[in-house]
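Taken from TrEMBL, the feature transmembrane segment covers C:7-28, C:34-56, C:76-100, C:112-131, C:143-164, C:184-201, C:213-244, C:264-282, C:313-334, C:340-362.
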């Protein structure tokens, strides 16, 4: 017993000797890649141009001078590009904090599936990355450094997540969501579009609709907002309307969009959307005090207009043949003929009608009547 | 005289003279009254001269006959008739006066007690509560407990331990609540102590517990009579040890060491809050340094990006790996703690200020240690002292180094491994048959005094 | 002597372990081919097996399987059976350990060699498996109380996530009418298998009673449904099958907004590592006791206890060596196949065990008569 125990202790001590042989790399010896950008190479069609935005932490956190480093590398594959970039920097690259992947527009219109698969497959990449389409190129977007940015690359994440700004034009999506939509039958991927519009400003106000692997359509900001109304709950945005030439703007508090697919009569399938909006009046041109019936009029007018624009937007999407709202999946989930349902749906979706009913309720008129 | 007298007075006298040959503090006093003759022999140093004079000398001259005097001495319950020379000697060493009357030998207890007054507790302070603590005198301690727990069920068994020191030990318990098995085990273990000298309660603690090598105390040392009484009322056993200001409480489980008497004094929700605070402190003090090592060296991706960059920035100038940085600072802190225990009280304050503030600031300024490290070390130091029992907090102080070691070799995995191993180790310990660590070890269904203690 | 609740803890441990290990992978692979029906079938089967087993073991208060077998069978038959059962039970922990080492080197410590991680695991497991049964149960209780609330929180987060696709879940539900298969049933009944631990732990139960069967049914149903639908909702009906560890990928999609740690996966990892360790400790303990019982070591006499403690070391060293050697040449495909084979054998073995217990009860009754 005693001999055995001593032997065990001996073995344990010996194994401890081997331990420090493993990689022990301190935090200050790592470089954190925060965003990856992918573009098409201009010279060689087989090559891609990868950009890596790397955070350079400064010694004094209060100074706010967080620098970042942008390294671009042309290569055939990501793995190769990383190896090559590693020889350009002094410290080990760490992708544990990589939170964004920007697909340049030209690249995204071609095929993103290879890179996207890499981001899901690689063990240290999170599934919580923010994917986005970068206009004009990913490199240009990564070069932008807004002056409000305290930590390198952080401004993009703040805008793309729910932490920072709450713009109704920004579609929030994660890479696991993108991965799911890319494989799911009956639901197509979407991505926000990040535009480098000025030297210090990034504009994110559009959504790109993809078929399973490439960008097909980029919607306009107004359509993006309407899409977002259907896509997310409690979107805070504003809607305006004109009654007798006077402008009224409302701010939404709560929104909720639901739909069902009616397939009672073959040939007359319809997708019925019900949207409820609770709003606050924010802006009005007319100086006189509002009466309750004025509010009713505004509500009715708004409901009608929003309904029409949403319908127009849905029809536009329908025409592209894409299904970013997952109608097909809903159809599949409510029908038990599993073998044939998706073929059926292809036919149904092409001819389905949209009925949109919007109910706007103005709860208050703000601090003034 | 009905009792049989085995001891011959002359032989006893000779025996004593032989044994006390070089003892300077032996006092022999011959008293003669006409033809009556009495000899008193005692050790001056441990006998109370007032007691000797009042009870033995004065009475001798006041009382008419020697028989009456002998009967008077017999009337004291503490006086006894020794059966042989050894008993005589042993009792004299305990503070008895040997009285030789004719050919009889009697012993009279005249022990001089030199105990300080009752002082406020020094290691277990509470904010609002009784301010007395055990003294070095076992009788006073007994008195303190009896005073607070007035029932005939409170039993006190006397024992002696230590071959040479003959330390008196009292086992106290409430006969109606105590578990018989615990008591039996305790008696057995106390009688097994082979040491020559037992001077403190913690020595008994050390010699009675199994396994010998362990990091966490399974017996509780307390200097508070109120805690002792509370624990006795919960069915535990208290062991009072002479000449130490501490009592041993047993069985003691993990949770007991996180209970302060404050919890009882405060309103119940406040008490729960305080207890929760202590457990949080336990986790922080054990895990914080090792988590720092794991996060900076193995898993920087776990923390939020902002935090990671902060740490990376503040560590930028530090020239050695994280575990060395942690060890360096923690050891500095341990030295400070140790130093402030040894230092005279007047200098202690200065030492901590110099060490804590100046060393910390200078080390950061010089870039030897990161800012975050300083925050961490002070958090660890403070939380460590939140744990109310010194023995437990020392055990925890040591165990955090184990975790640092694990984190250095395995990263986060090591910390989780260590946590599981520690839970398993703690649950495998037993304190007198009671599981040391166990969920709901405290029976919440019983109200009132039966709560934790 | 311990109270009844520890039986439920043993069950709960197995049920929670079930959320991550190979079981969801097997069920998700079959999600379009009868997994749901298998779950539906396995619930009555599993409950019935558990119920019968408990009723039978109640006939042997304070006895473990070795004592029971010994009293009704010739020495060599019981020896062989016990050793076989011991190894089978130990084997399930081998799969748990190896797959957890794989997960560790994938998500947490890619820098540390898997063998060092494994030896760390083995030291803790082997040393803890030597503790007495009572202490192990106390440790189990402690760890369950620390982890189960976190697991519940994570489940709630998964199902309340705005990115959770209920349509994908519905899509899978519409495939419910496919025929169940043996493989999926064997996997799904694994939730209940915690009761098998009673073959050793029954020794320390005091007047064991089995009440609240409905709790077991509800909990097992919940765990099975969560283990299948949580990955499907997050990773998509089609996409869930593409992940090696669906549960981990699903949890990786959760973001904690207001905490120092941003990605839920690390908390999940810590929780499941402790659970896996405890699970392995218990399986090793049971396996070790069965094997030692098979070789005729009794645990009630003092002189044989000392000898048993010595032989115990050799069994545990053998256990560790087997894990080490297996981990050398196992890749994730073999591991998955091994898990399937184990689950299939286990299910048959469970049925056999119950038959053997029936035999034991019958034999003892005849002896008495």
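Note that Cβ sites are derived from N, Cα and C of the backbone, with glycine treated the same way.
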Report the listed stretch (C:34-56, C:76-100, C:112-131, C:264-282) having the maximum count of Cβ pairs within less than 8 Å of the transmembrane segment (C:313-334).
C:112-131
Any contact between the transmembrane segment (C:34-56) and the transmembrane segment (C:76-100)? By contact I mean 3+ C-beta pairs closer than 8 Å, pairs at least 6 apart along the chain.
no
Ranking C:76-100, C:112-131, C:213-244, C:264-282 by Cβ pairs under 8 Å to the transmembrane segment (C:340-362), which is first?
C:76-100
Quick one: find which recorded stretch in C:7-28, C:112-131, C:264-282 has the most Cβ pairs under 8 Å with the transmembrane segment (C:76-100).
C:264-282
Of the stretches C:112-131, C:143-164, C:213-244, which racks up the most C-beta pairs under 8 Å with the transmembrane segment (C:7-28)?
C:213-244
